[in-house]
Amino acid sequence: MDHQPGDIIHQRYRIICSIGKGGFGETYQAEDTQSPGLVCVVKYLKPLDNEPLKLQIAEEKFRQEADILRRLGTYNQQIPQLYNYFQENQKFYLVQEYIEGQNLKEEIKNQLLSEKQVIDVLYDVLKVLDYLSGNNVIHRDIKPDNLIRRTSDNKIFLIDFGAVKEVSVLSVNPEGQTVLTMVIGTRGYMPQEQLIGKPKFASDIHALGVTGFVLLTGRIPVKNQKDEIIWNGVQISPYLATILDKMVRFDYQQRYETAAEVLADLKPLTLLDQTLNQRYYIKSYLGGGGLSYTYLAEDSQRPYQTDCIIKQLQLPGKNQQILQSAQSLFATAITESQNFPHQQIPRLLDHFQKNQEFYLVYEFIEGEALSRKITPGNRLSEPEVIALLKDVLEILAFIHHSGIIHGDIKPSNLIRRQRDNKIVLIDFSKCKQITTLEINPQRIVVVKPGGTHGYMPAEQLQNKLNPCSDIYALGLTAIQALTGVSPEQLRTDSQGEFVWRNRAKVSPKLARILTKMVRFQFGQRYQSAQEVLKALNPPNLLNFLQSRQSFRLLPIFVLVGVVSIGLIFYKKLRNDRIEEFFNTGKSLENKEKYEEAIKAYEQAIALDPNFIEALVNKGYALGKLNRNEEKLNACTEATQRDKNSFEAWLCKANAESDLGQYPESMESVEMAKDLSCKLTKKNYVNDCSNAWNSQGLTLMRLKQPDKALIAFNTAIEKNSKNHVAWTNKGDLLTKNSPQEARKAYEEALRIKSDYEPAQNGIRDLGG
């Protein structure tokens, strides 16, 4: 020990006792004689050697790091304040605030921490790390020894910053460069990038994750070949295990990037073991996200301390206008919940608000979420899916009749009740909308859809929820149950329809029903739950024939049966013929045989007047023959038969533009843009690009080149591979900006090398 009790350093600090000694120096508890009664910590660091140049470099580094420590301790209540620093006898001294308490290494010698205690420690330290990263500081040596729990309030303090220790390992290489002779940090806690001298903010997260495991188990974690912690024998919730696993990933790019990210995932767990509203004891966290979290709780005021479910809803920001809107939404959600008592919807038992957090208390349903049954390796059979559909559709028929739309149907919101195997529907979207409120530039509170991406149909994304939106989500849930594939992983065709039949063994009847449930255009779906139930439960002729009164009507029913079978075969034959005529039309159109193509399309339309694609294709074929009045008639008929068809409105816009009806064309383009540009899936983005391109053409004809250029550029921005938009941009720029026009044509040909209009444009420019 370099200093003995009673020694005075810097003519001011009287040594009380040694606290610790390491390879970099020694730490003492001391009294500041100039402030009687003030106990402090004095730490000294030895430079590697006393050569003047190296000493000078070490001194500069010491002053730099000491200034950082002073600033950090001044503005953060969980970092000891730096009172003083100085150099004396070729040693560097730091004088810091003394924290009355015990470090966590000593604390766990008596008893390991519980899971909740570990969560609280992690949350406390992560807030400090978030502060450090904001100041561009990496601690580098997080471990239980360097975390002190203050006795007075149980707050965790972070001590012994690694960067300042570099003064003890600085050297100068033969080229005159400053180098470190060893890595700062503690093995077992340091990640790989820190071991090779390249620490990052994620390095501190790794060390804290290891620390959390040590506090829980008393040992450094061991990993398997997948870089996952081996939890054998460790009692831990899956949510905390997942967080710790991600914190200690070998590759820093697979870890949490910032402390703020870990805090967001960890925050819901901080409510564990607390009692809400002086009544509800939180037992476990069940999951959540997007500021909506669900807990299993114990109601201390009900007989036998009954279990219940607590749903916590947080606001996205602190704003009085948002709070008022949230309170209004909350009141509406409560009223709706109380207005539909149903055996397969959990009862709302209580509700309350605390600060800017809203709480709903529901009866506990003992069972299993459908999401646990549906995995890539564990699908449901067709009979199971049909039973699921019928169960949920009965609930939807009830709530839709009451004017309520669920808005968030998905596997995790369908619970298979243990006592009777019935499906229970939970988590209505009206509540979830509270967590989505925001204020737009016009200072108006905007309510976003409360559903889940992947399960929400196009109209819900535009906040136009209707009963068939629930049917769409239920259909996708059923498809997921049959295929084991989530909606976001399913491919869609050019019309936005899901391609899923090849992923499941399913009867043609159920496939048709599910396909109709999930049609992109809501007008083409089933419009009510009862309608789907009717399709699933057609009248049973055999059951009817079994009744005694039916025998005398047997010949009639046999005839009806024969006719029904005949109708089925006729319908199938008819559908095949429609498809054949349509495909023939497309083939003829590709061969530029437009008259014959039109006849083929008309034959398809004669069999199915609502075949929008055939009407649109007929319109474009008529346009190729300059029969623009007839083109407009065909496209207009398509919009009348399906007002939500993007293709129909774009066809109408083109026809009107060809006829010089520019104001009408602009209105039709706006309709097409409304139907496509507010959506984000790839095929919708392409449609949006085509709509902007069409608007550009109309603006060119209106002799508004500046606005036309904006439209073409927007089309290209929406879809950079839109060779038609690039070509039209080239046509627009040919006269005044030939070089830019050439670039546009070249880009079009790069995308589609045989596109004749772009080839002609290059040729006209003399290329």
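The backbone N, Cα and C atoms fix where each Cβ goes, and this holds for glycine too.
Just so you know, TrEMBL annotations are computer predictions that nobody has curated.
Database features (TrEMBL):
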- 13-270: domain 'Protein kinase' (DOMAIN)
- K43: ATP binding site (BINDING)
- 280-541: domain 'Protein kinase' (DOMAIN)
- 551-570: transmembrane segment (TRANSMEM)
- 578-611: repeat 'TPR' (REPEAT)
- 689-722: repeat 'TPR' (REPEAT)
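Listed by sequence, the residues of this chain that lie at least six past the ends of the repeat 'TPR' (689-722) yet keep a Cβ under 8 A from its Cβ atoms are 646, 650, 653-654, 657, 660, 662, 665-666, 669, 672-673, 676-677, 728-729, 731-733, 751. In this view, the residue listed as 'ATP binding site' is surrounded by 22 other Cβ atoms within 10 Å of its Cβ, with every protein chain counted. Per DSSP, the secondary structure of the repeat 'TPR' (578-611) breaks down as 27 helix, 0 strand, 7 coil. In terms of DSSP secondary structure, the repeat 'TPR' (689-722) contains 27 helix, 0 strand, 7 coil.
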